[in-house]
Each structure stands twice: as C-alpha cells, then as structure tokens.
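Just below is one structure, and these are the notes that go with it.
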Amino acid sequence: LVPSYDHVVIVLIYLMFPIAFVKNGRAYFLGLAVSLFYFGYMALIDKITTLDKVWELTAYGAYLFFLNMLCMFLSRFQEYNMRSGILSRYQVVYQNLVFQMAMKEEKALLDSIIPVTLARSLQDAIASHIEEDPSNLMPFTKTRHLFMEPHPEVSILEADMVDFTGLTTTMEVSDLVAILHELFVSFDLAANHNRATRIKFLGDSYTCVTGIPSYFPTHANACVNQALDMIEISREVSKRRNKKIDLRIGVHSGEILAGIIGLTKWQFDIWSKDVDITNRLESSGLPGMVHISSRTLGLLDNHYVYEEGTDTAKLDPLLQRSNLSTYLIRSRLPNFDDTDDLEDDNFSLNDYRFSFSFSQDYEDIQVKAQRDMILEVEHMPVNRVQTCKIRRPMHRIAKEDINEEYRFHLESYYLFTTFRSWRMEWSFNKMRDLLMKYSLGMMVFAGATIITMDLLVKSEAMDYTMLFSLFLLILLPLLLASYKKLWLRGRRLSPITQPTFFLSRWFIKASDLIEKSVFVRIPLAIMVLFLLYVMSSETVFSCDIARLELEIINSELHNLRPQMLCFMPWGVTYAVVIVLSLMLVIIGIPLIIKLGMGLAILGSHVITVHAYYGFAFERSQTTNIGVTSSLAHSWYMVAFFIVVVVREGYLNYILKASYFMSMCFEKKHELTKVKTRTIKIIMANILPTHVAEVFKVRRRSDQLYYENFSQVAVMFATIENYEADKSGLRALHEMICYFDELLVNYQSWYKIEKIKVMGWTYLAACGLHVDHYTDFSVSVPISTNRESDKLQKSGSVRFAPMDGDEIMVKDLHPTQATTNEDDNTILVMTEFALNLLRILRDIRSKGIFFEKDSKLTGSLKIGIAHGPVMAGVVGLSKPHYDIWGHTVNMASRMTSTGVRDGIHVTESTANVLRDFNIRCTYRGMTFVKGVGQVPTYLVDLDENLHFQQHSPDNDSHKGSIVSVHWLDEKRAER
C-alpha cells in the first residue's frame with residue numbers, strides 16, 4: 001500500500017498548521033519531518049532488493065522534496081498577501097480616521113464662519129467646485145452662489161467701544177490684542193449663554209443677533225440680557241486692566257438677510273434697514289447703557305429699568321422716517337432672577353481660555369489620525385478571523401459589524417467571489433502581478449523535478465530529446481519575465497537607466513508586459529502548464545502498448561509482479577500532481593481560468609488512467625485495501641484537487657477583499673483630499689495665509705497672535721446708492737466678487753490682503769510683509785459668466801489676468817531718489833483702488849445689474865491712508881484677524897468724508913503719490929473724529945479714469961475746488 005494522502009498532509013501543514021518544534025522555528029520543520037516519515041514508510045514496504053528499487057525510492061524522495069519546496073515558496077506568497085492585506089486594512093482604517101478628522105475640522109471651520117443652516121450649502125458648493133476644477137482654489141468663479149437667508153423676526157445688537165482711537169494710539173499691540181481677545185471671548189461666552197449668534201468683529205465693534213439660526217419668542221429679552229452682560233464684562237476687564245473701557249450698545253428688533261458675500265475672506269454678515277437702525281441706535285446712545293427702539297421695548301418683559309432715549313436719536317432722520325422712539329436701559333430690576341446666570345455657569349472664562357484652543361480645533365489632521373490610529377490598534381479584536389466567518393443574513397448582523405467586510409459581501413457574489421460590478425471585476429483581473437516571474441521560476445523547478453524523476457526511474461520509453469526541448473521552452477518565459485529584475489540588479493532605477501542595446505530594451509519591455517498584462521499572463525500560464533503536463537505524461541504517451549500488454553500477460557502467467565518497462569504508474573501520477581500543484585503559486589490569473597486548467601489536467605489524467613492505459617494502472621499498487629489501483633490513482637488526484645480548489649477560493653477571497661480595501665482606501669483618500677482642500681480654502685478665507693499657517697501648528701491655549709507693521713497702506717471702499725433688499729444684495733455680491741477677482745493680480749511681493757467686507761464697505765491692506773505663501777483663497781479664475789465676458793470684451797478692466805499695462809500705470813516712477821521702497825505699497829494700493837473705480841464704471845455703463853435709467857446706479861467712495869498698523873487674531877472658537885491703529889482710523893474717515901467716485905487720501909499719502917508722478921489736489925481741511933481738522937487730498941483722475949501726471953505747479957491748493965466740483969458734476973450727469 002502506498003500513502004494516499006501524503007501530498008495533502010504536507011501541503012496542509014504549510015497552509016493550516018504553522019507549528020514549530022524549536023524556538024523561532026518555521027513550518028518546514030514539521031513538513032520535512034512528515035516527509036521523512038513517508039519516505040521511511042515507502043522504504044519499508046517496498047523491500048528494497050535491487051538498484052531499480054533504490055532509484056524509484058529516490059524519485060519518490062524528489063517528489064516529496066518538491067512538495068516541501070513548493071509549500072515553502074507558497075508560504076512566502078502567503079506572507080506577502082497577508083502583509084498586503086494588513087497594509088490595505090491599515091490604510092482603510094487610517095483613512096477613515098483621517099476622513100473623520102477632516103469632517104470634524106471642516107465642520108469646526110464652517111461653524112466659525114456661518115451658522116449651521118448655511119454651512120451645508122456652502123460645503124456642497126465648495127465640494128462641487130473642487131470636482132469641476134481641482135486646480136482652481138477660488139470657489140464659485142463659474143457660478144457665483146449667493147449664500148443668503150431671510151430671518152423675519154430677530155433682535156440685533158450693535159456694540160462699540162468708546163474712545164477706541166485713543167487706545168490704539170497709546171497701547172502696545174500685544175496689550176491691545178490681549179484686551180480685545182479677552183473681551184470678545186467673554187462676549188462669546190455670554191452669547192452662548194443668552195442664545196445669541198455672534199456675527200462679526202469690526203475693529204472695536206461687536207455685532208450679534210438673537211433669533212437665528214432658529215427662532216424663539218424671547219429673542220428681545222435674550223438680546224438685552226446679552227447687552228447688559230457685555231457692559232458688566234467690559235467693566236470687569238476695565239477694572240482688572242486699569243483701562244477705561246466703556247461700551248455704547250444699540251438693540252433693535254426686526255428682520256434681516258444673513259449670509260456671506262464675495263469669493264474670498266468670507267465673514268458672516270447681516271443686511272437690512274433694521275441693521276442700519278441698530279447702528280444709529282448705537283451711535284446715538286450713551287456709554288454703559290443699552291439704547292433700544294420702541295419696537296424692542298414692546299417685546300420685552302417688565303424686568304428692566306429704562307428711561308427715555310437721547311436727544312440725538314430724536315433728531316436722527318432714519319429713526320424719524322421709521323417712526324421709532326428710543327429708550328435707554330440702565331439695568332435689570334432688583335427682583336430679576338436668572339437661574340442660569342453666566343457667573344454660575346460651569347464653563348467659566350478661565351476654563352475656556354485654558355481648556356480650548358483654536359489651534360486644537362485646527363490641529364493637523366494627520367497628527368490626530370495617527371493618535372487615534374494607536375487607540376484603534378489597541379482596541380482591535382484578536383482571535384477573531386473575520387475572513388473565515390460564514391456569511392450571515394444581513395438582518396442578523398449587528399449594527400456595529402456593518403463595516404468594510406460586509407460591504408464587500410454586498411459588492412460580490414458568493415460563488416467564486418466575483419464582484420457584482422463587471423468594471424470592478426475587470427479592474428481586479430488586470431492588476432499587475434509582480435510575482436509572476438517567481439511563479440514561472442517554480443514552474444521551471446517543477447520541470448526540473450519531473451526530468452529528475454524520469455532519469456532516476458530510467459524508463460525505456462523516455463524521449464530525452466523531446467523532454468529537454470520542452471524544458472528549454474519552459475525556461476524561456478522565465479528568462480523573459482526575470483530579465484528586467486536581473487538587468488536592474490546593481491543599477492539605480494531611474495528614467496535614464498535604459499539599456500543601449502535594442503534587443504535588451506525589447507527584453508525589458510517583454511518582462512514588463514508579462515507583469516502588467518493579463519492577456520499575456522493567461523496564454524503564457526496555459527502554455528507552460530500544457531508543456532509540463534506533456535513532460536509528466538510523456539513516458540505514457542511514448543510507451544509501446546503492445547509490448548506493455550505482453551509484459552503484463554507474462555507476469556500474470558508466471559504469478560509475478562509486472563515490471564513496468566515503459567513507465568511507473570505512480571511516478572506518472574506524482575508528476576501530474578506536481579503540475580497540478582502549480583495552481584497554488586499562480587496568482588495573476590482569474591480563478592475561473594485556473595479552475596478550468598486544473599480540471600483539464602485532472603480530467604486528462606483520469607481519462608488516461610481509466611480509458612487508455614487502465615490495464616497498466618490497474619496492476620500497480622493501491623492505497624487502501626479493497627480499493628482498485630486505478631480508483632486509487634484517481635482519488636489521489638481528486639483529493640489534491642479539492643485542496644487546490646479550497647486554497648484558491650480562499651486566496652481569491654483574500655486578494656479580492658484586499659483589493660476592495662484598496663478601493664475603499666482610494667475613495668476615502670479622494671474624499672479626504674476634497675475635505676482637506678475644502679479646509680484649506682475655508683482656512684484661507686478665515687485668516688490670511690501666513691496667519692493660517694501659524695495657527696495650523698499647536699499653540700498654547702493662552703498664547704495670542706499679533707503683528708506690528710511699520711508701514712501699511714490701508715484702503716476702505718464703500719459702495720453707496722444701493723438699497724439692502726434682495727436685488728441690492730445680489731448686486732453687492734456680484735460687485736464684491738469682481739473686486740475679489742481683481743486680487744488675483746496683486747499677489748506678488750506687494751500683496752494686497754483683503755481683510756473683510758463690512759456691510760457695503762470693502763477693507764484691504766497692502767504691506768503686511770511676510771514670507772511668500774500661496775494664498776489658497778484666491779487664484780487665477782476661469783470665468784464663464786456672460787456678464788464678465790461682456791466686461792472683458794469692451795471694458796478697460798479685466799476680470800481674468802490683466803496685461804501689465806492695464807494694471808501698472810505708465811510713467812509712474814519715483815521722482816526722488818530718497819523714496820522709501822515701502823512706499824511702493826501705497827502706489828500698488830492706489831492702483832488697486834483705481835481699478836475698483838473702473839470695475840464700477842464698466843458695471844454702470846453696461847447696465848449689468850440695473851437698468852440704465854435706474855436711480856440706483858451705484859457709486860464708490862474710497863479712502864486711503866498709510867502708516868504703522870497693528871494686526872492680530874482675537875477670539876478662540878471663532879477667530880478673527882483684524883487690523884487696528886491710527887492708520888486704519890484715518891483710512892476709514894477718508895472714506896466716510898470722501899466723495900463718490902473719487903480717491904480721498906491723507907496729506908502724507910498724497911506726498912508719496914506725488915513722488916510717483918501722480919497728481920493729488922488739495923481738498924481742504926476735513927474734520928476727522930478723534931483727530932480734528934486735517935488737510936486731505938483727492939487723487940486727480942481724468943474722464944477715462946487714468947491718473948493725472950504731477951508737476952510742481954500743481955502743489956498749490958487752488959485746484960482743489962475745481963476737482964471737487966468736477967466730481968459733483970459727473971455725479972449729477974449720471
């Protein structure tokens with residue numbers, strides 16, 4: 001009796017039982033030990049008496065040796081696939097964590113700009129923009145979405161610090177930012193308590209609204225409580241800091257439009273007539289008191305001490321037209337009881353400052369994911385082989401088990417584990433097979449083993465010429481597949497690393513083709529396996545049947561064991577098993593094709609055993625008593641084929657599961673890229689790019705950010721002659737978008753930084769000198785808007801990249817050698833202001849937003865000043881970058897006291913512009929709040945909105961009246 005399951009046992013040892021006899025041992029110890037046991041058993045039962053028996057036993061030993069070597073090689077394959085699967089799983093888990101962190105960060109960033117109600121639409125719009133044009137980082141250049149929501153019943157609070165100008169001129173930048181930071185963070189805490197939504201910071205002003213994002217009937221009480229809390233907080237900070245800090249606060253109830261305006265540097269804002277009324281209430285109020293309208297008073301409970309409003313409010317034309325009376329609230333009544341008082345709240349300001357940090361919200365996503373990945377690995381279940389679980393019905397799967405494994409089950413058929421999507425199945429099948437050369441190497445080793453066994457048996461029917469010819473044919477694909485690896489051994493892999501000999505280059509291409517093309521691998525594998533099968537059965541097919549039958553008859557007549565001179569039946573079966581075992585090491589072939597090849601080999605051998613040479617196989621040794629020899633040969637093959645099928649099915653499952661994990665990883669990776677790109681856009685639209693880079697790094701929770709610049713050009717541009725209704729906001733949005741597109745051309749060394757939009761006022765600065773950063777909030781726009789195309793065709797202003805002569809004014813060179821290089825910032829800012837005027841002129845001339853005969857044609861008042869500026873970030877949960885200082889105040893006053901369609905500048909700015917050969921005409925003495933009477937100038941422009949050249953004769957003050965009158969006449973004509 002010969003062993004019936006020796007091949008199965010040896011293979012299963014390596015596949016299923018990696019048991020080691022010694023420390024740090026491997027499975028081959030047990031495999032070799034079992035092989036020696038089978039070899040000894042065969043030596044005992046064969047009763048070796050002749051030399052031929054020795055060679056037959058040696059051939060059997062070669063067969064066992066091949067099985068062990070094949071399984072060792074297979075274990076390497078298995079380790080490679082396992083490591084690949086673990087890596088795929090790691091990537092999916094890690095990318096899931098990264099994606100979750102990105103989602104949280106995106107939500108935190110959006111929450112710092114707008115309420116939740118608008119966040120979803122903004123999120124979707126940015127994502128669709130990235131999908132349409134990933135290279136363009138300016139959102140909404142093709143379709144300008146207006147993110148706006150009406151709120152019919154709200155209460156509005158406007159607060160302003162008294163004598164803020166004095167603070168900015170007397171305090172260090174660090175102290176100023178610290179005070180503002182403490183005030184605004186405290187105001188935010190009070191807003192959270194009073195259900196108020198902070199809208200914006202405007203230098204020293206603070207705006208919030210109650211009744212959004214969701215309406216509640218006591219919004220007026222909440223708004224007044226917020227105002228009183230803010231007054232109390234300012235008094236506490238004033239006492240602690242030893243600085244006089246007073247607030248004027250106005251509160252009014254009505255309706256608003258809330259949303260964001262423009263393409264870049266988004267800031268949530270509100271617009272309506274009621275917002276203007278609130279501003280008038282604030283400006284006409286008294287420090288330390290809350291100035292409210294009669295409409296708000298009608299909504300309040302009787303819990304407040306109030307008195308009649310100020311005389312200034314009674315004379316205000318807007319309040320008179322609105323038929324509103326005003327009142328001043330000093331405090332709450334003594335019996336007022338607020339069980340949720342801010343001071344009793346568990347979340348104090350001190351806790352807030354040291355337990356929460358903006359940098360923690362915007363901490364690098366990868367760092368967060370790495371930290372959570374460690375926790376994920378620590379909690380990963382062990383001793384639970386997910387890939388071996390029987391598929392259960394989906395209704396029996398626990399909710400927490402709905403993971404990638406079960407999604408994989410839903411995406412694939414149970415039979416043969418084929419994907420339901422033929423595209424995914426085809427994509428899997430055409431993957432590269434980097435192990436194909438090693439598989440071909442095992443095939444060559446199998447051929448060498450078959451030849452060795454035939455040589456040891458010394459069959460008379462053996463055709464050595466044919467045998468070695470077939471072996472050379474098998475060796476050729478191995479040489480081709482391995483040529484690239486052999487040629488590159490010892491050489492550096494680079495595009496220059498190419499052989500000079502054309503034949504060598506062709507061999508490398510052929511080697512690469514075998515790895516990457518399934519259409520080459522399949523025919524190649526079929527051909528090699530066919531040749532190996534021919535080699536294994538060559539002695540059978542070459543045998544003289546008549547002579548073999550005669551030998552069998554003679555042996556039976558003399559009651560002797562037949563001497564198989566042509567071939568040894570079990571030697572042929574062992575050789576065919578060797579060929580069939582190669583199915584285990586062919587990876588890059590579809591499972592269906594491999595099973596088809598295995599069935600072809602099995603069927604061919606079974607037919608050979610039972611149909612053509614049955615009389616020979618029937619008289620060989622059997623494996624079990626009572627089992628015929630031919631059936632023993634067939635079962636020996638079938639048992640091994642079953643092992644091959646199970647192993648290949650399992651391997652196919654593992655490979656496809658790993659591939660599915662890779663696809664999940666790629667999808668998550670793409671989603672994460674979109675999210676991180678969205679975060680980059682949102683981040684750049686909250687803070688300037690250089691500041692955003694600083695805040696991406698972990699910072700102490702109590703560490704503030706501030707900057708001090710010696711010379712910055714500041715510009716305020718106010719759009720007038722529009723009403724804040726729906727159509728007016730649409731027009732405002734479009735104009736601000738055009739202004740933002742113009743920023744693309746001012747991203748060089750003298751970069752213009754948009755600070756914010758305040759209602760109808762556009763604030764920008766030039767001279768915030770930092771190291772070069774790419775501003776992700778602006779980029780070269782690709783506009784398909786028809787209105788923009790009209791302007792590009794005929795207007796002097798371009799909304800795509802401009803030519804140099806359209807931005808830079810000709811012949812504007814310093815006339816003095818002593819001109820400071822930083823003065824270039826003033827020139828650049830003035831040119832930017834001029835282009836803003838041109839944009840508005842073209843909008844008016846083309847009638848883009850309104851009819852030409854409409855009275856609401858729009859005008860632009862621009863004020864520019866330059867000098868030292870303080871900048872910093874205030875607020876933690878909703879950080880805001882702003883600039884302060886005398887220069888900012890002067891630029892603001894130049895705008896408010898300026899003329900429509902003109903550029904109003906200070907005397908020092910006019911002197912610098914004259915050095916650049918730009919004429920500036922003296923306007924006269926202008927009253928500036930907090931400063932007094934100061935001389936101001938208007939930049940001279942011709943009818944085509946070009947700078948007028950300066951000459952010494954223009955230094956006189958006489959031309960000023962003419963310049964102002966000319967502007968007034970041009971306005972009257974329109």
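Every residue, even glycine, has its Cβ placed from backbone N, Cα and C.
If you look up TrEMBL, you'll see 155-282 (among others) marked as domain 'Guanylate cyclase'.
Within the model, the domain 'Guanylate cyclase' (713-895) carries an average pLDDT of 70. According to TrEMBL, the domain 'Guanylate cyclase' annotation covers 713-895 (among others).
As annotated by TrEMBL, transmembrane segment applies to 6-22 (among others).
Residues annotated as transmembrane segment in TrEMBL: 27-45 (among others).
Listed as Cβ neighbours of the transmembrane segment (57-75) (distance under 8 Å, sequence separation of 6 or more from its ends, same chain) are residues 6-7, 10-11, 13-15, 18, 26-28, 31-32, 35, 38-39, 42-43, 46, 48, 438, 442, 445-446, 449, 452-453, 456-457, 568, 571, 574-575, 577-578, 581-582, 584-585. Per TrEMBL, transmembrane segment is recorded for 57-75 (among others).
Residues or ranges marked as transmembrane segment by TrEMBL: 434-452 (among others). Counting only same-chain residues 6+ beyond the ends of the transmembrane segment (434-452), those with a CB under 8 A from a CB of the stretch are 59, 62-63, 65-66, 69-70, 73, 77, 80, 467-468, 470-471, 474-475, 477-478, 481-482, 485, 511, 514-515, 521, 524-525, 528-529, 531-532, 535-536, 575, 578-579, 581-582, 585-588.
As annotated by TrEMBL, transmembrane segment applies to 464-483 (among others). Here the transmembrane segment (464-483) has Cβ contacts under 8 Å with residues 436-437, 440-441, 443-444, 447-448, 451, 454, 504, 507-508, 510-511, 514-515, 524, 527-528, 531-532, 534-535, 538 of the same chain, all six or more residues outside its ends.
Look at TrEMBL and you will find 518-535 (among others) tagged as transmembrane segment. Panel annotation: around the transmembrane segment (518-535), residues 429-430, 433, 436, 439-440, 443, 446-447, 450-451, 467, 470-471, 473-474, 477, 541, 575-576, 578-579, 582, 586, 588-590, 593, 597, 601, 604 of the same chain, lying at least six beyond its termini, place a Cβ under 8 Å from a Cβ of the stretch.
Taken from TrEMBL, the feature transmembrane segment applies to 567-588 (among others).
Summarising the annotation, TrEMBL assigns transmembrane segment to 595-615 (among others).
Annotated transmembrane segment per TrEMBL: 635-655 (among others), in sequence order.
Across the domain 'Guanylate cyclase' (155-282), DSSP assigns 61 helix, 37 strand, 30 coil.
With a cut-off of 8 Å between Cβ atoms, the residues of this chain six or more beyond the transmembrane segment (567-588) that come close are 2, 7, 11, 56, 59-60, 63, 66-67, 70, 73-74, 77, 431-433, 435-436, 438-439, 442-443, 446, 449-450, 453-454, 457, 459, 461, 518, 521, 525, 529, 532-533, 535-537, 539-540, 543, 594, 597-598, 601-602, 605, 609, 616-617, 620-621, 629, 633, 636-637, 640-641, 644, 647-648, 651, 655. Beyond its flanks by at least six residues, the transmembrane segment (595-615) meets 525-526, 529, 533, 537, 540, 543, 545, 548-549, 552, 573, 576, 579-580, 583, 630, 633-634, 637-638, 641, 644-645, 648 of its own chain at Cβ-Cβ distances under 8 Å.
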